[in-house]
Structure formats: structure tokens, C-alpha cells
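Pulled from TrEMBL:
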REGION    1-33  region 'Disordered'
COMPBIAS  24-33  compositional bias 'Low complexity'
DOMAIN    42-491  domain 'Major facilitator superfamily (MFS) profile'
TRANSMEM  78-96  transmembrane segment
TRANSMEM  108-127  transmembrane segment
TRANSMEM  133-154  transmembrane segment
TRANSMEM  191-212  transmembrane segment
TRANSMEM  233-252  transmembrane segment
TRANSMEM  258-277  transmembrane segment
TRANSMEM  298-321  transmembrane segment
TRANSMEM  327-348  transmembrane segment
TRANSMEM  360-380  transmembrane segment
TRANSMEM  386-403  transmembrane segment
TRANSMEM  433-453  transmembrane segment
TRANSMEM  465-483  transmembrane segment
Amino acid sequence: MTNSLNPPAPEGAATLNDTLRNDTSTNGTPAAAPTAATQTRALLALCLLTLLAALGASGANVALPTLAGAFGASFHDVQWVVLAYLLAITSLIVGAGRLGDRIGRRRLLLGGVALFTAASALCGLAPSLGVLVAARAVQGAGAAVMMALTIAMVGDSVAKARTGRAMGLLGTMSAIGTALGPSAGGGLLAVAGWPALFLVNAPLGLLAWGLARASLPADPPRPAGPRPAFDSAGTLLLALTLAAYALAMTVWRERFVPLGLGLLGAAVVGLALFLWVERRAAAPLLRLSLFRDRAFRASLAANALVSTVMMATLVVGPFFLSRALGLTEAMVGLVLASGPVVSALSGVPAGRLVDRFGAARMVSAGLVLAIVGAVALALLPGWFGVAGYVAAIALLTPGYQLFQAANNTAVMADVPADRRGVTSGLLTLSRNLGLVSGASLMGAVFTAVAGEATSAGAEAVADGMRITFLVAAGLVAVAWLWCSAKPRRGG
């Protein structure tokens, strides 16, 4: 497969990747190869950063009823505590990755952790809902930096032979954060009130900052001479476009169709303007030539499609478990927790498989397992109830983890150092857009079959569940076809 990020060098010339493998320190002496202990400490820091960003996303949901009472606000208003964080991540993550490539990934990552930590403290001290929402947006900006650069820093910190394991471990930490957020948040809420839910991230953030500063490799020296200005116009346009799209999907899910159409139209206009600006920029945020690489396009599209399917388990699953199987709220929560638990347990083994058998094979294997899991989720719960649901999740979730570890490894394998941040940001963005779109699109499939979920009967809900996950299996099959069409990075 061609690699538009790293074209072949003239004969006898060193490629950028060769330069990276023979990096030098600022005094001109060869940089020492990182030891196993150094790599382990760096990976520990990246894991803690991944965990913090995931906790920030999942922990606040449990506090929404309490926040509504504390500030005398409607449920619609307090939802912005969650939305502000997610919108900031979605809109800023690509720009954060590109900025890290320009000024130094370690430098910007430490700044992002500091911003996240300070914003966490401000959230806990917020005197009003407006201040809390603003602080959550700032916290999300810090999380965008953390999420964009942790994957990119794997290439700087870990030997290539261990990349798959590192990607799998980051996936495990993300799953642990997703699972731990609601339970730990509920405990803090009961013991110390809603401010503790945010304040706890401050000492954790300080710990992560100190560990990252001590263990992550130093940034290489900046190239001498003038450089083209940072693409501020493109970064702003992309951020506004992504924010408009994410809001469109959110309000569409809440049945505000005219507003959703308006925001979707704004996103289309914003995308057109962004492409126009990028073609004329001296140093564009995104090199559009990258998207001529069919395998790279397939990787991003497959990432979005598979994430769309995973979101369906969170949107449709609760209605099926409660209305079709008649489970109590506590039991629904317990069954839904099986997904993050299986995800946490399967991340590291998935990474080991990628290192052993190669990313290309494991991308296909992960997608095939996810197809089987989606079909199982369409059929087994109707036949075997809760046991069938959990068994299907035990197939779908490891398939997702294997695909994620392999896809991330494959995409990042040959990316030059000066584009790792923005490429990592694109990977994370494609996943987030899949999650945002999945909530609306898969929810629409479900309601088209079952009708209004809150009033539909058990049989209608079961039919909606079955059709939704058969559609989901079809989407993953499309992803598999795309990824199988061309040789892939890391293969």
C-alpha cells in the first residue's frame, strides 16, 4: 500500500523514519535507546492519562439529577455538563494533535494535563451551573489534548515490537474508566456531594502530570529557521464544523428536527469552507493528499462504523433489558456493566495478538468477531434472555477491542514523527463521530421498528433490538469489506 504520509526518499537519502530511529539529543550525540523500565514508566503515564480522560466523560452522568436539584435547573439544562465536555473533545482533538506535532507532543501533553487538572478544580468550586458548564468545556479541551497525544506518544515511547500491546493496554484503561466512572462517581456523590466528583480529578491530574513529566521522552529539537504559520483558520473552521455536527446529532435524538437540520446544514457549509481553506494553506491542518490513500480512508471509516455499532449497545440495550426482559434498573445496570468489564479484560490480550500475528490480520479477525457478535446480539437474547445477551456481548466486545488495537497500530505504523499527533487525533475523532452518530442513527432504526421506546410493548422492543443489530452486523460487514480491499499498514 502506498503511504502518502511518508513518500519514498531519493536513493541514498535517509527517510524521516530512519532519522527518528537514529535520533540525536540537543548536543548532537546519539540518543540512548529507551530501556524496558523506561518504556514501562512511559506507558504507565499514558495509561493514567487515558483513564483520566475516560473518567471525565463517564463520571458526570450519574450526577445530573443531583446537579438539577442543586442549581434549580431543568434536566435539559444540566445535560450541558456532559455535552460541553464531549463537544470540546470532538471539536478540538484534531487541532490539538497538529499543535502537538508543531510545538512538541510532550510539551503540549503536559500543558493539556495541567489544563484538565485546573479545570477539574474549577468544576468542583463552581458557584453556578453556567460556570460549571464553562469549566467542563475547558476540562474537555484538556482531555482533547490528552486523548489526541497519548496514542501518538506510543510511537515515541514504546518499541515497535510492543506497539500492539501498548494500544491494547490503552484500550483497557479507557474501558476501565468508562466502567469505573458511574460506580465511583455514585459513591463519591453519596459520601461527599457533587463537588467531590470533579475535585477528585485534581490530585489524580497532578499525579499524572508528575509521572508524565518524569517518564515521557523529551521532544526533539525544533527545526532551525522560519516555519509557516499554524493553520489557525483551518483549525477554527474544523472545530466549528465538528461542533455543529455533534450538536445536530444530539438535538436530532431529542426530536428537535428543524434545529438539527439547520446545524447539519451549517456543518456541510463549514466542511466546504474548511476544504477550501486547506487547499490554500501554506501549512494545512490536514494534508488532503492523505485521504487519497484508500487504506487510510478505510481505516477511519471502519473506525467510525464499528463505534456506531458499539454505541447501539448503550442506546438500545437498556430498553430491551428493561421492557422486553422485565429487568429492574439495578439489574439493567449490572448487565450493561458486562460490556466494559469484558472490554477491560480483552484489551491487553488483543494487543498481544496484534504483536504476534500482525495488524492487518487482526483487523480482519476483529471485524469478523464483531460481525458474529452483532448477529448474536440480534438473536441470542430473544432465545436465552440475559444469558444470551451477555454471551453476545462477550463476542462483540473482544472483537471491538481487537479491531481497535490492530487498526490503531496499523495506521500509526509508518506515520512520520511530525504527523503522529494529527493522525492520532483523526483516529480518535473518527471513533467519537461514530459514537455521536450511532446514538442518533441506531436509535432511529430501533424506533422505526419498535415505535416510541418508552411505551412500546415487549414484543415490539424485541423486534427493534433484533433488526437494529442485524443492521449493525451489516455495517461491520461493510467495514470489513473496506479494510480487506487493499493491503494495510502494519501488514
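The chain as shown is numbered from 1 upward.
Glycine is treated like the rest: Cβ placed from N, Cα and C.
Remember, TrEMBL labels are computer predictions, not curated facts.
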Under an 8 Å Cβ to Cβ limit, what residues of the same chain, 6 or more beyond the ends of the transmembrane segment (133-154), are close to it?
42-43, 46, 49-50, 52-53, 56-57, 60, 80-82, 84-89, 91-94, 96-97, 100, 105-106, 108-109, 111-120, 122-123, 126, 163, 166-167, 170, 201, 216, 408, 412, 420-421, 423-425, 427-428
Give me the mean pLDDT over the domain 'Major facilitator superfamily (MFS) profile' (42-491), rounded to a whole number.
84
Long-range CB partners for the transmembrane segment (78-96) (under 8 A, at least six residues beyond its ends), listed in sequence order, are 53, 56-57, 60-61, 63-64, 67-68, 71, 108, 112, 129, 132-134, 136-141, 143-145, 147-149, 235, 238-240, 242-243, 246-247, 250, 285-286, 421-422, 425-426, 428-429, 432-433, 436
So which residues does the transmembrane segment (465-483) touch in its own chain, when a touch means Cβ under 8 Å and the partner is 6 or more beyond its ends?
295, 298-299, 301-302, 305-306, 308-309, 312, 316, 319-320, 324, 363-364, 367-368, 370-371, 374-375, 377-379, 381-382, 407, 442, 445-446, 449-450
Cβ-based contact of the transmembrane segment (386-403) with the transmembrane segment (327-348), 3 or more pairs under 8 Å
yes
Under 8 Å between C-beta atoms and at least six residues away from its ends: which parts of the chain pack against the transmembrane segment (233-252)?
83, 86-87, 90-92, 94-95, 98, 259-261, 263-264, 266-267, 270-271, 273-274, 277-278, 281, 284-286, 429, 433, 436-437, 439-440
Same chain, outside the transmembrane segment (433-453) by at least 6, Cβ under 8 Å from its Cβ: which residues?
86, 90, 242, 245-246, 249-250, 252-253, 303-312, 314-316, 319, 323, 460-461, 463-465, 467-468, 471-472
